[in-house]
């Protein structure tokens, strides 16, 4: 009987050690992976924004549509920079009394920027869908009435509405609850290498007895509505073009726009799924922590139990895996968005091809180019003297 109990304890310890190994691997590798992903996002979006500015300045890109695209890339760049500062300045320390985190970027700033990031992306995709819908429905009004100024006003009003709504959510709910309801930011902040037990206790202390569902629902309400409006606009444009398929000029003119919009909506759906995963991973944590607390309170003799009392580990591992995937996927999305635009948008692709060709030409300083530039600045008599000197040296 004693040997069976010892073997049972060893099996439980082995399973528990397996879960701890997974968590420790996540906490050790995630900061480095996120650091690389964030740097990639910053570089990709800065180059992308520079190309848009140059293309619009040279009148090679349609300003109205690319205002929404630049709006998306701009918020991605700002959030990536804030996330990089948040990730690199946070320091976590644990002792027998608990764990504390010190950081230069406050929690509420990081939470607000990440939430605003998703809202602005939703608004940008909705704006692109709305422009495409308007261009197909009333092409003449699209060119005459819908000016760049009106599009800029539309974007400005969208920013004001989002900021006001974000402030209202922050004031009507607990700021810390609003932060903890999105596991992406929480797992970025708490880097507890070798202190997983303390991290579990500290996490449960934050989420237990708090309404994560209410906060998450409020944060996702606007993106869900915007996503549905963008999808409905896309469906409307597709049906409208299908009905006008007899006109080949109309169909061919907007076919690429529909394809581009469909790809954007696919990426946006992926972003929506990532944000939903980051929230859904946190929702079960309050219930799991409460159950774990009851087990610890009611547990009298561990050896009497007929099964390993480590069921509480599963929610923590699921939480860590899902939120880590959401973090990595979110910043990869920031990198993929501009790359996809540069690949599928012919106008934007020509702008970057021109930049690349110009850079190559500017860096090729051959002897022929030097002579050509020098001769172009010479007078005719001076040029003849130079040629004679070369042909008949003294």
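Don't overthink the numbers, they just go from 1 along the chain as shown.
Each Cβ is built from the backbone N, Cα and C atoms, and glycine gets one as well.
Of the listed segments 89-109, 152-172, 173-193, TrEMBL assigns transmembrane segment to 152-172. Taking TrEMBL as the reference, the stretch among 197-219, 220-242 described by the feature transmembrane segment is residues 220-242. Long-range Cβ contacts of the transmembrane segment (33-57) within its own chain (Cβ-Cβ under 8 Å, at least 6 residues beyond either end) map to 63, 66, 69-70, 73-74, 76-77, 80-81, 83-84, 87-88, 188, 327-328, 331-332, 334-335, 337-339, 341-342, 347-348, 351-352, 355.
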